[in-house]
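Inspection log for the structure reproduced underneath, given as structure tokens.
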Amino acid sequence: MVPSYGSPRTPRSQTGSHPQNDLQIKRCIAQLDKKEHITAMNMDFIMKKYLKDIPWGQRILCPADFNLSHPNFNISHASNNFIAPVHHFKNKNHWSVVYVSLDTESSEHRGRPVVKAQHYDSTPDKGRHQDVEIKLKTWVKDHHGEDAELICSQAEGPEDNNPNMSGIHALMGAREFGFCRMIRSRTAMWEEEPVKRLKDVLQGLLRSPSRQPADTTQAAPTPPPTAPNSSRRKSRGSNAFVPPLYEDPGIFGSLSPERDQEQTLPPGSSTPVPFRINKSPAVESQDNLAFDINSEFEAKDQERRYPVEAISQQRQKVVAQLDEKRNAAKREKEEWGKCVEEYEKRAKTLAADELTYKTIHEKIEADKKAGDYILANFPDIPPMHSVSDDSEIINDVTALLEKKLSPLKDNLDKQATKKRQSTELLESAGEVCAKRQKQYDEAQEKEKTLAKEVREWSMREKIAALEESHRRERQALREKYETEMKLD
């Protein structure tokens, strides 16, 4: 019986497995069988093999790129759309996965870059999630500027408290990030048994849905005879057998041109007609039209010079302006901070003056109330030869009370003046603080504008340098061609 496509009995040459990967595959399968902690090397190998056909073009980073043991995440080749396995060194043998994308569609954040990150951990932990978020904040700040915003969320998915299983769950989560841009499996279990699924991928038993044969349950038929110029051929320097192109139609599901020629037979013929399609008809070099076009193209190409040096100088000029504005904004922030400190100091002084004023005022009111009580309850005095009547005694008592209250009233007047002065000083400090804050906000806006301009000039410089490099390559090719023609 002929084994079905992709079964374990299928020869290695027909599954597309490379001999140099056999040892690596065996190590990975052994770790999966024992459900041991997946090493960083095996994690990188399995993830790139498992996610090789993701449709959205996310970049797959290796574990070393997103290393939490380093304080900064300044990977120059990390794109705005990537999937990265995260090895948590604080928690031994624990893996998680993060999916990062640049949001370009939300209108609510228009005018500044917004980076969205989804972090999946099979054993949710706030500390590990915070480590990932801090790592991403550093990268977002360095790659997208100070005004960029990071929205980092914990993705819900299957949970497992076994740390050795965290790597397997991270691989399954990475697969769903790659195909669905989210964790689709919100239940306690994945739709497929993870260990079996990963082992099948490593052994070459399963392919992605877009690359599977039409029917994998039927026995593989005997390959039909092919013409001598068929796509069946041996790789250079190796005896390994390479399947023909029609066995793997690819994501477009179309046959190769050579295969189309093999299947196009004239009536009554049993073998393909050996012919070759000339895809690019030759143009006579003596043709005047071709000569004119080539000359015109060369002239236009010479005119199309890109001012790389001028653009670089302009970028450096804008960078210098940005540094100046950043320093100015920093100075404005320091001055504003001093004003705030002075305002708070004066506010405390005013509060103390108001408390002192209130205390003195309460003492005066209490003494007045006591004096009024004494006068209201003054006893009847028998006739005296030295005093004409009771009113004279009452007036003397009232004068005595006023004399006792006079120092308190003077102190109250002084405290009222001091409180008024403190209020005026506080209002003045508030006006200065508002002015400084406005100046700081304006300096920040200028800094943001120049930062955006620096990014634009940097992009122009890169594009101009690339185009100029291409132009020089074309010129070198023309000179080489002309030299060869002269030698001929």
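One-based numbering along the chain as shown.
Heads up, the Cβ atoms here are built off N, Cα and C, so glycines get one too.
Whatever TrEMBL says is automated annotation, not expert-curated.
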Matching 405-425, 468-488 to TrEMBL annotations, region 'Disordered' lands on 468-488
TrEMBL tags one of 74-112, 113-151, 308-346 as coiled coil - which one?
308-346
Which one of 153-180, 433-460 shows up in TrEMBL as coiled coil?
433-460
Take the coiled coil (433-460) and average the pLDDT across it for me.
89
Give me the DSSP three-state residue breakdown of the region 'Disordered' (468-488), ordered helix, strand, coil.
20 helix, 0 strand, 1 coil
